[in-house]
């Protein structure tokens, strides 16, 4: 309970310092109400996410509470799948892994209210869904299936999950249905899972009734596009591969170095525990490839100009990532006997596949798209760690994990505090300039711009939205300057 309260407090404080940036300003002004008045037709079918954005951008209190609670739940709910005696360790490990969230993902979710409304909510709902799902696959005991009292909640969960992001819609349609059908094969009628899938199907019908998808599927939208696998399938597969190689491999895997290293530790510990008990050469090759693969992104971080295949290096990187995913699947299949652990791991593994695979057929793809899959991979990593070190005496493990979690908490709080303080200072400066009758003013970049989405008005259209949202005169000319220049200007006064 104490750890839960600490995590909740940290998440709430962090959420209170999240700024409104980029199209948050449009959603929080008249243009957001205009979209609502036409039922978001022609915008997108993410109706729940759109309604959340309208509320989050109009109330600091709602934003703080909603984002803080979601961050707490997506961090701690996965740990609830652990046995009671291992739960504290699982919570601490989840805190560490969420603290290690790549900035490429964080800046488009935690650092962007509109992004969080869709992707943060999706990650939270998926974490909630996995609680009964993992309990069900543990032993397929009819008593572990969701009880009738929970069926309406599961229907609503599926409906809500289908009104956020398109790949999450697919997840909530496919995964609960797959669990229901597999349960039938095992003699368990998990009607709650069927209702969850039916709720998602209803949500999908509502989502894709929006006229924008007809425009996208016909190729008439210059921003959102899909790749048809029916016409010229070889060219379509090549296009999907290019999307994976150029836009997906880093936020999906290679930017997640701490998590990859945690997987390596778990697999190495598992290999040491077995000590030759399993003599499968395929398993050994797959396991040691997974253990060693994190060396590649580390080398790329240390030597960013290293390109052994020149222009084809991204394709080499994509091939290594794909081989890692396949090897991890082999490890999960062969290293565990038939039983609960194997089924739980494979459910998480396939869930990541269902979420990530559709992204290769659409554009654009950004780091924000991978927050739900990151949460699932963190849960899988936690589960593998528990199995690898089951029964081992690690007297200082909790203290070490707590120190790492505290380090990450201090880092994120420091970054968002200084960004929020600079935002308050630059707005106060702009209001002061307006009171003095100035027709032009400078606005500083944030000290940590890489942790938030586009936070400064670089082009005229963004500047106009910025001025309208903050009540500045529309004829005020804004010039963006660097933070060091702003710091010098502020200190000179």
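Quick reminder: no glycine exception, Cβ is built from N, Cα and C everywhere.
Note: TrEMBL annotation is automatic and uncurated.
Ranges compared are 149-180, 437-468, and TrEMBL records transmembrane segment for 149-180. Within the same chain, residues 253-255, 257, 260-261, 263-264, 267-268, 270-271, 306, 317, 320, 323-324, 326-328, 330-331, 334-335 sit at least 6 positions outside the transmembrane segment (281-299) and bring their C-beta atoms closer than 8 Å to a C-beta of that stretch. Sequence-distant neighbours of the transmembrane segment (116-137) (same chain, 6+ residues past either end, Cβ-Cβ under 8 Å): 18, 46, 48-50, 52-53, 56, 67, 70-71, 73-74, 77-78, 80-81, 108-110, 144-146, 150, 154, 157, 160-161, 164-165, 168, 171-172, 175-176, 179, 182-183, 188, 190, 192-193, 196, 340, 343-344, 347-348, 351, 368-369, 371-372, 374-376, 379. Tertiary neighbourhood of the transmembrane segment (311-334): same-chain residues 241, 244-246, 249, 252-254, 263, 267, 278, 280, 282-283, 285-287, 289-290, 293, 296, 300, 342, 345-346, 349, 353, selected by CB-CB distance under 8 Å and a gap of 6+ residues from either end.
Panel annotation: around the transmembrane segment (61-79), residues 4, 7-8, 11-16, 18, 52, 55, 87, 90-91, 93-95, 98, 110, 113, 116, 120-121, 123-124, 127-128, 130-131, 375, 378-379, 382 of the same chain, lying at least six beyond its termini, place a Cβ under 8 Å from a Cβ of the stretch.
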